[in-house]
Amino acid sequence: MAADSTPGSHHRNLFFQYGKAAIHRYHRLHLYGKAFIWLVILFYIAFGVFVIIVTPARIAQFLYDQAKLLAATRFGWVALLLSIICISFPPLIGHTTLVTLCGFAYGMKGFYIAFAGSILGSALVFVVLRFLFTEKIRSWSAQNEKWQALEAVVRSKGLPLIVLIRVSPFPPWVYANSLFASIEPVKLWQFVAATCFITPKLLLYVFMGSKMAALSDGDQRDRMDTHDKIINGLFLAGSLVIAVFTSWLVYNLVQNHIRHLHGVDPETDELAAEAIEDFDEDAPLLSPTASHRV
């Protein structure tokens, strides 16, 4: 019995729980969803083989050269900003990659591009989806208990709760935009204000991009002594660890907060938390089967 209470046992149990949940979700996917997952796996295997054959140094140098070419282009920043706006629309992905590219190509000045693109893109998604699917949202929420609970909680707690959900890493960027557009009590100004709170995350990814650029260029690497290379590598690794840890921490804090809101029925809390966890299956603007059930 004592062994079951050790930290190692707790982590193993947590790992198995997440594993079972992932397998359960996989089995519930449509055939196309399963095929997509396997295509992604094959892509990463092929990408890994490609990196090994071409070598990371040559790939990094090529990417650095292209990034600097983009930065030297007169309207390169406009292209990057428009790209961030475009990938804010579902089902496109790549927000984190493009934000990191802002730092890779422009250094810390790239933060302004990342911030402007993120704010404009998310606001545009919110307005377009809300305008096009208002009736669908109302019809869906009228017959979905989890969604009613989520809307009730958001309506009750307002902007502070919207901010907490927005800074959470789950749901991911593009799906979070759709999620908030699906929650009728959320106003545009609240959504934009909450999105401004992702500034620290944007700064972190832009910083990581700037450090990756310094280590990718062969000329810069040659001018660095061992100490500088280690420092840059530690900065990059530390930033990655911070990003992963804070994402995990914030998500768990948000879920715990939603489940223990003061002045809200515990059952409503639980249903609201489940609505966020199952966003890909239940959200009226995300689920491929939603249109058939509304």
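Don't overthink the numbers, they just go from 1 along the chain as shown.
Glycine is treated like the rest: Cβ placed from N, Cα and C.
For 1-34, 96-112, 209-229, the entry in Swiss-Prot reads topological domain 'Lumenal', with the evidence type sequence analysis. Per Swiss-Prot, the feature transmembrane segment maps to 35-55, 75-95, 113-133, 188-208, 230-250; the stated evidence is sequence analysis. According to Swiss-Prot, the topological domain 'Cytoplasmic' annotation covers 56-74, 134-187, 251-294, on the basis of sequence analysis. Swiss-Prot lists 103-212 with the feature region 'VTT domain', giving similarity to another entry as the kind of evidence.
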Inset, instruction - Could you pull out which residues elsewhere in the chain have a CB under 8 Å from any CB of the topological domain 'Cytoplasmic' (56-74), counting only those six or more residues past its ends? - result: 80, 101, 104-106, 212-213, 215-218
Inset, instruction - Mind checking which residues of the chain, 6+ beyond the ends of the transmembrane segment (75-95), have their Cβ under 8 Å from one of its Cβ atoms? - result: 101-102, 105-106, 110, 113-114, 116-118, 120-122, 124-125, 128, 172-175, 177-178, 285-286
Inset, instruction - Take the region 'VTT domain' (103-212) and count its residues per DSSP category (helix H/G/I, strand E/B, coil), listing them in that order. - result: 95 helix, 0 strand, 15 coil
